[in-house]
Amino acid sequence: MARHEPASPVVRQIDQQFLICSICLDRYCNPKVLPCLHTFCESPPSVCWSVPLLHPSVTLCSPTTLSICPLICLSLPPCSHTSVCLQNYIPAQSLSLSCPVCRQTSILPERGVPALPNNFFITNLMEVLQRDPDPRGAPPAPLPPLGAATGQPLCCPNHEGKVMEFYCEPCETAMCRECTEGERREHRDHRTVPLRDVLEQHKAALQHQLDAVRARLPQLAAAVGLVAEISRQLGQRRAEAEAEIGSSFEELEAALRQRREVLLRDLEATCAAKQQVLEAQLEVLRQGQESILSSCAFTEQALHHGSATEVLLVQKQMGERLRELAARPFPEHPHENAQLEFHAEPEGLRRSIQNLGALLTTSATAHTTVATGEGLRQAVVGQPCSLSVTTKDKDGALAEVQDNRNGTYELVYTPRAEGDFVLSILLYGQPVRGSPFRARALRPSDVPPSPEEAKRRVKSPGGGHVRQKALRRPASMYGSAKRKENPIDDELIFRVGSRGREKGEFTNLQGISTSSAGRIVVADSNNQCVQVFSNEGQFRLRFGVRGRSPGQLQRPTGVSVDTNGDIIVADYDNRWVSVFSPEGKFKTKLGAGRLMGPKGVAVDRNGHIIVVDNKACCVFIFQPNGKLVARFGSRGTAERQFAGPHFVAVNNKNEIVVTDFHNHSVKVYNAEGEFLFKFGSHGEGNGQFNAPTGVAVDSNGNIIVADWGNSRIQVFDSAGSFLSYINTAADPLYGPQGLALTSDGHVVVADSGNHCFKAYRYLQ
């Protein structure tokens, strides 16, 4: 059965634009409007009389027995159509409905779909077109506005022929008089007023809402343009990156081909040179061989066939010839060898190629990115002023930026004149949240001193570093002569690990660190990985892949955890420091090109990363973004010199404590790298060291040191005076390395020689 098409183009346009249900794709039947203002059929009848409603030669049957069918048929017999609209679209017993067009979820009325509001504009428009269809062939007219007035009031859908002239305020619906009198159950105790009394009020409110919504169109248009431009730029960046990838690999292929040609030429030249030497030697040997053969043959012929006279005549000449051949030196040993082979290490190159290149991107958006710092409010003329910008994605999470940053940038500017100024911060060309900022530049003389500066201006009586003496702990019953006079009465809590390559196993573990979140982090050096455990020694995580590309580990030694939980790893052989998320995801690296052999690493109270360079015998201080703040130290025995420094810790004064391995001492510096004091000497006595390694500082400022050569752990006060040692006799250490304090107050030490780490109860 085919659907009847309206005759007039105008009517056809109205029919297609306003009168088609988007569920059944046919004419509306009892149209219901949802809260999102989309309209659908309530439920088309299962049986209808096929009547060409808009055909000018057909008149309607009794309207009381005939509904408008969603399918217009050309034949007069009844036809059956499947009911597919709202009534059947919504699952049975459902209390809500989702709009088929916009997916907005709405709560169904208690009576279900039939209680949804009727779309009287659609119903009225359909009635108008039924009464006054355009004559066939009439010229197209402008499309009338939806719900254009016909001069006739709307009829009540519940009472045929009754005009809707009242309005129920609680139900927010129009009704006829019979609705107010006959349906007392539905509108009982509801306040109803004449429709004309509230019409202007609702029209004004609707117009106000319309104006407010329409005012958003310019903003949306600008947003559409901005997002479309970013989408275009993204496509352009993709094409550029694709071209760069192709160009890079073409260059690599060309370099490989060039290298192949060079190797082949070198092979040919090397082989030719060796062959030339061997050919010259062969020529000499063959000439000597020929001379001996010919002389021997001539002599033998004379001896066997010559007369006595002939033999005597040639005897002297032949004798001299034979003596000369017998004494002539011949190059009987080869002047060259046949050793010629191609040697390469394609596996390393293959791994490098597999990790070659990286796509750098971030989800940071300007409207969620925030700027903080004193520089947003105030600055000093002629002096650098800094502020921090933290990039975030659309959901407000920190955006991961891979180009040697961690989502936080430090901006530095220097105002040239005093007064108020405007500071604008843009991200990808868009202002960050709150930008532009209004700030003021002051003269240096107008800036009041900070509390810290005021403290620094007060000099101590001695004028130098004040050595605060801590209380000694009482001697232990385990004490013995000389080396063990004052042990701490602590005991081994647990031991984790053995030699191996599986989870919870180690091969030459080095650094160890802890976090406030109750984690113990271990640098498993020879297994090229980092392992994470709970404070109770339960395995939690292992990450790290062997290699020399960013994110890979070659020889992890030192390890530390910052306030965000990020894991900072000193990689001795890769000569850089890698930063991983708490889950072990690579974030960035720093120090590449500067470090020669990083060993220990720590984080100070300013968030700076302190790195001990064992090979260069110095200490580096970096910002989290990799910017170098300071460097101090060199090889030697002086106060600011080191001989193989190992590990580092930071105390509650932000002072830097470094173990000087071959100088058998511990040295303390301030945050700027100025020398404060040192303690320790070579030996086995209390307070002496045989190559100190790991170091940690407790909440009281006491310094705990792993004594590698003496296989013990000593405790000193904040001024470097010996206090005691930790009793490890129950399970002796063998070459302890890194050392740290857990969040619950225990000492953990990397027992490198025993391939495990141990936790001891520590009494502060």
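From the backbone N, Cα and C atoms, a Cβ is placed for every residue, glycine too.
Here TrEMBL gives region 'Disordered' for one range in the set 441-482, 525-566: that range is 441-482. Stretch with the most C-beta contacts under 8 angstroms to the repeat 'NHL' (629-672), considering only 493-536, 542-583, 720-763: 720-763. Mean pLDDT across the repeat 'NHL' (493-536) comes to 93 in this model. With helix defined as DSSP H, G or I and strand as E or B, the repeat 'NHL' (676-719) counts 0 helix, 22 strand, 22 coil. Residues 351-352, 355-356, 358, 406, 503, 510-517, 519, 521-532, 589-592, 595-603, 607, 609, 611-612, 614, 622, 624, 647-648, 738 of the same chain lie 6+ residues outside the repeat 'NHL' (542-583) yet bring a C-beta within less than 8 angstroms of a C-beta in it.
Residue counts for the repeat 'NHL' (493-536) by DSSP state, with H, G and I taken as helix and E and B as strand, are 0 helix, 24 strand, 20 coil.
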